[in-house]
Amino acid sequence: MLKQGLFPDAHVLPSVIKACAGLLAVKIGKQVHGFSLASGISLDSFVQSSLVHFYVKCDELVDAHKLFDNMVERDVVSWSALAAGYARKGDAVNARKVFNEVKNLGFQPNTVSWNGMIAGFNRSGCFLDAVLMFQQMHKHGFKSDGTSISSVLPAIGDLGYLSSGTQVHGYVIKNGFAVDKCIVSALIDMYGKCGYALEMSQVLEDMGQVEVGACNALITGLARHGLVDKALGVFKELQGQQMELNVVSWTSVIACCSQHGKDIEALELFREMQASGVKPNAVTIPCLLPACGNIAALMHGKAAHCFSLRRGISGDVYVGSALIDMYANCGKIQLARCCFDRMSVRNLVCWNAMLGGYAMHGKAKEAIEFFLLMQRSGQKPDSVSLTSLLSACSQSGLTEEGHRYFDRMTTDHGIKPRVEHYACVVSLLGRAGKLEEAYSMIEKMPFEPDACVWGALLSSCRVHHNMSLGGVAARKLFELEPKNPGNYILLSNIYASKGRYKEVDKIRDIMGDKGLRKNPGCSWIEVKNKVHMLLAGDKSLPQMAQIMEKLNRLSIEMKKAGYSPNTDYVLQDVEEQEKEHILCGHSEKLAVVFGILNMSPGSPLRVTKNLRICGDCHAVIKFISRFERREIFVRDTNRYHHFKDGDCSCGDYW
């Protein structure tokens, strides 16, 4: 238009300014503002109002406020937009200041004004301000509509104000809003956040007609409280009713499974989702990838990566950080670094994912170098970054370096040590055999040590067979975690290693009286794109006879090479031969042999275990890696073990 020699007037410019706001094109919008000043159109009330909205939309609130103060004719629309802009940014002081100025401006707020404030405060996390604004709205005689109700309910849920939530629910019923789909979803979400699963289901039932948005809210709410089976049941029921489930429905249930240990179910649901014609998005992939990482399902993870590349969403910062985490969890730390290096935009989560990956693999030097790179790049570390760094030092025995980073946390990074940092240092000292020093640190902690801290000490006592300090740590853990069988098992291990089977029996009796059972050892391995789960001592496996036969042949070869089974890892007071037999049933051994039998010679094996790998299994898998000429990756609850040519990446320091 300008090239044609035609100059915009006060009717055209507001449309151009609105387009700039829609694109968040700040630079072009400011140029248009400059044009309006130069051409004398800037005094037009429509142009001024459009510019205020533009600056608010682009989060340039100082300029918006200046412009509003200099407007020829200030109106309720511009005023509402400015106040809501401050609320959306979380600037409660300026939001209230602008909102309270209304009495001096000669006009009254309307429902849109109140809704903008409530929605803005809710969006910025100022939940209490959102609820107070809702209450003031009613006090001033304004009636809530669907927008204000569906905006305040999430804030009420986040605050856990159940009584306020039930009051709003009553208002919804009285005023006939119970048919509003958005309000029903918001009510379900509110009850879910407050921890009332029964009320969530009741709201859905009272709706009369089941709607997909409300069902999504119900699934998410159930997942939030760990009611995975119930969430899956609701989802399957909806499928049976032929409801047209959308990407949110599928993503919610995949996330639910992935976050609560049903990783295989998450992978199966993802396949079903694609088969049903629903296309995953940039939210689905980061929900699925942790499931792949949790059970080292590398091929499934790679397939999800390829899918994200095809869909053009691999550049998304959340997809990228999930890919880093997945590859690190699957033992491919180099691929994790490749994903990191290729990211055009990185946030703190990406840096921490990579740092955590190095820590899990026991690569302390790489972790330290990466931490220094992080600082050079201008990314400020947080408490999670320091936890990963200290953990990496602990895994590799870099006691002095770890202690130095801990001591300088506050001075160098402005981060006060938290309980998890103390746990890392206790582990750092304990692994190095400095148990008394570790215990002394616990006693001098500025706050009460938690189960992680005492657990770190107990684990170190297990490694160094220290019964006295092990007993102290265990007694503290029995108080803090009375239902955790793992603490009893660790103390049993210490007694068993010293041949104190009477104490072992006592602990077993205590566990029996409390109804506690040892968590069964469980390992996962991916073979030919299918994930297999193997339980310790499970004799129902289809190939169990072949697995035991192969294990016996390997045992003969190991004994020829001078290996003898380490029966200290068997707690039962039975004959040595029986102890050897029990050791053969450990799930990681079964998984490795299952992989050997079913995968081509020389191909690497990736195993994930739900408990820590035992010393005997560690020695056996080292031998197998040399004898079978295979790389074997085993991830336990503590770290990654990369076995190759008879050696392990941990250097036997674990």
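We number each residue from 1, going along the chain as drawn.
Placement of Cβ uses the backbone N, Cα and C atoms for every residue, glycine included.
A TrEMBL annotation is a machine prediction, not a hand-curated record.
Model, not experiment: these values are computed from the prediction.
TrEMBL lists 562-654 with the feature domain 'DYW'.
Outside the repeat 'PPR' (75-109), and at least 6 residues removed from its termini, the chain residues within Cβ reach (under 8 Å) are 45, 48-49, 52-53, 56-57, 59, 61, 64-65, 68, 116-117, 119-121, 123-126, 129, 140, 142. Taken from TrEMBL, the feature repeat 'PPR' covers 75-109 (among others).
Long-range Cβ contacts of the repeat 'PPR' (110-144) within its own chain (Cβ-Cβ under 8 Å, at least 6 residues beyond either end) map to 76-77, 79-81, 83-90, 92, 95, 99, 102, 151-152, 154-156, 158-159, 161, 164, 171, 175. The repeat 'PPR' annotation in TrEMBL covers 110-144 (among others).
Residues 181-182, 184-186, 188-189, 191-193, 195, 197, 200-201, 203-204, 252-253, 255-257, 259-262, 265, 276, 278 of the same chain, all 6+ positions outside the repeat 'PPR' (211-245), place their C-beta atoms under 8 angstroms from a C-beta of that stretch. The repeat 'PPR' annotation in TrEMBL covers 211-245 (among others).
Here the repeat 'PPR' (246-280) has long-range neighbours at 212-213, 215-216, 219-220, 222-223, 226, 228, 231-232, 235, 238, 287-288, 290-292, 294-295, 297, 300, 304, 307, 311, 524, 531, 533, meaning same-chain residues at least 6 beyond its ends whose C-beta is under 8 angstroms from one of its own. Per TrEMBL, repeat 'PPR' is recorded for 246-280 (among others).
Across the repeat 'PPR' (347-381), the model assigns an average pLDDT of 95. Among the features that TrEMBL reports, repeat 'PPR' is placed at 347-381 (among others).
Per TrEMBL, the feature repeat 'PPR' maps to 382-417 (among others). Counting residue by residue with DSSP, the repeat 'PPR' (382-417) contains 28 helix, 0 strand, 8 coil.
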Residues from the same chain, set at least six apart from the ends of the repeat 'PPR' (347-381), whose C-beta lies under 8 A from its own:
317-318, 320-322, 324-325, 327-329, 331, 333, 336-337, 340, 388-389, 391-393, 395-396, 398, 401, 413, 415, 635, 639-640, 642, 649-650, 654
For the repeat 'PPR' (246-280), the DSSP residue counts stand at 26 helix, 0 strand, 9 coil
